[in-house]
């Protein structure tokens with residue numbers, strides 16, 4: 001179990017640093033410019049992420065799963081997957097440019113934003129493929145070292161921009177990913193003794209395209225109910241309201257990202273235990289109980305002190321954003337649950353169910369936002385987000401018989417929160433599962 005815990009610590013360290021860097025850029029834009037500029041940056045960033053979700057096919061977790069199951073085929077799995085993502089990045093860039101030209105020319109600095117996000121995403125896909133291998137082998141310390149070294153240059157560039165040349169603050173985002181790519185290549189090919197040469201296989205590429213065609217619906221649905229509220233706010237309420245909304249979300253999403261990190265750290269063990277269903281479900285329940293403790297602590301803390309945190313970061317009272325944050329942070333309860341349940345679905349080849357639950361949540365999110373945002377703006381959008389996560393990551397499992405055990409498991413995990421001594425006692429069995 002120590003190996004997984006150390007892996008988790010490395011993953012948390014690099015992801016937290018990355019999110020702090022993104023938050024620093026976000027805060028710098030607000031301080032150097034204004035809330036409208038921040039709203040414009042957020043709008044184009046959300047559009048970029050939405051399109052990336054579509055054209056990258058969402059195959060990341062599938063690649064990691066295949067490497068875990070067959071480590072000797074890592075080179076051909078990575079090489080085939082990166083081929084797809086390279087051409088996906090080209091398609092993303094083209095569609096991104098066309099949409100900006102057609103609908104977003106009224107946003108200040110929009111062409112700069114386009115260049116920044118295209119450069120950043122292009123280099124990030126090459127780093128990401130290296131990170132797949134680290135994740136599958138539970139060797140995330142190499143990823144963390146890559147992130148930390150890159151961060152030194154990223155922060156250095158952004159500090160210079162803040163002090164001497166404000167226009168460069170936008171490009172610090174792209175600069176970081178360029179440096180990350182260079183550092184990732186050097187560490188992987190010269191310092192990682194389990195490195196493999198990448199190769200291309202037509203049959204494997206085709207299989208990824210087939211799986212990716214299914215996953216497009218899922219990843220796009222996730223992107224819709226994560227990103228669409230900002231895009232709809234821009235249309236119904238203006239970029240200033242987007243700035244209010246995203247100023248709050250930048251805090252809560254730092255916490256949300258931790259869910260994916262923790263679940264990803266234990267994904268290889270979930271795959272290994274999938275043939276022992278009762279043990280796998282026991283591990284899942286115990287881990288979910290543990291993260292519920294974390295989410296309750298964080299949500300209560302942010303509810304009371306979120307306004308103070310926002311004022312410290314942005315340099316002025318952010319009353320509207322504080323209200324959004326106090327609601328949106330409670331979504332983390334269902335985000336953390338969903339991170340583990342989704343990993344279980346992927347490990348057990350239940351990709352279709354992951355697609356169905358995200359589609360249902362996305363449709364609900366869009367429909368309700370159409371009614372709520374014109375009247376209640378950013379606060380209404382935060383309530384809709386909470387309801388959408390509840391449906392996707394909790395309520396959905398009640399209505400599907402073959403995975404109803406996940407709903408029961410999540411209910412037990414919620415109840416177990418009131419029995420901390422039982423959670424501590426169960427740790428002994430959890431430790432045995434990691435030794436088996």
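One-based numbering along the chain as shown.
Including glycine, each Cβ sits where the backbone N, Cα and C put it.
Automatic prediction, not curation, is the source of TrEMBL annotations.
The transmembrane segment annotation in TrEMBL covers 7-27 (among others).
Feature annotation from TrEMBL assigns transmembrane segment to 47-68 (among others). Here the transmembrane segment (47-68) has Cβ contacts under 8 Å with residues 74, 77-78, 81, 84-85, 88-89, 91-92, 95-96, 99-100, 104, 117, 121, 125, 128, 132-133, 135-137, 208-209, 211-213, 215-216, 218-220, 222-224, 226-228, 231, 264, 267-268, 271-272, 343, 346-347 of the same chain, all six or more residues outside its ends.
According to TrEMBL, the transmembrane segment annotation covers 80-100 (among others).
What TrEMBL lists as transmembrane segment is 112-132 (among others).
Marked as transmembrane segment by TrEMBL: 144-163 (among others).
The transmembrane segment annotation in TrEMBL covers 169-191 (among others).
The transmembrane segment annotation in TrEMBL covers 203-227 (among others).
Residues or ranges marked as transmembrane segment by TrEMBL: 247-268 (among others).
According to TrEMBL, the feature transmembrane segment maps to 280-305 (among others). Only residues 6 or more beyond the boundaries of the transmembrane segment (280-305), in the same chain, are considered here, and those with a CB under 8 A from a CB of the stretch are 251-252, 255, 258-259, 262-263, 266, 269-270, 273-274, 325-326, 329-330, 332-333, 335-337, 339-341, 344, 347, 405-406, 409-410, 412-414, 416-417, 423, 426-427, 429-430, 433.
The transmembrane segment feature in TrEMBL is assigned to 325-346 (among others).
Note on the transmembrane segment (358-377): residues 217-218, 220-222, 224-225, 228-229, 232-233, 236-237, 241, 244-245, 383-385, 387-389, 391-392, 396 of its chain, located 6 or more positions outside it, place their CB under 8 angstroms from a CB of the stretch. For 358-377 (among others), the entry in TrEMBL reads transmembrane segment.
Positions annotated as transmembrane segment by TrEMBL: 383-400 (among others).
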Stretch in 144-163, 247-268, 325-346 most in contact with the transmembrane segment (383-400), if contact is a CB pair under 8 A: 325-346
Interface-richest range of 7-27, 80-100, 144-163 toward the transmembrane segment (112-132), CB pairs under 8 Å: 80-100
In contact by Cβ distance (the transmembrane segment (169-191), the transmembrane segment (7-27); 3 or more pairs under 8 Å): yes
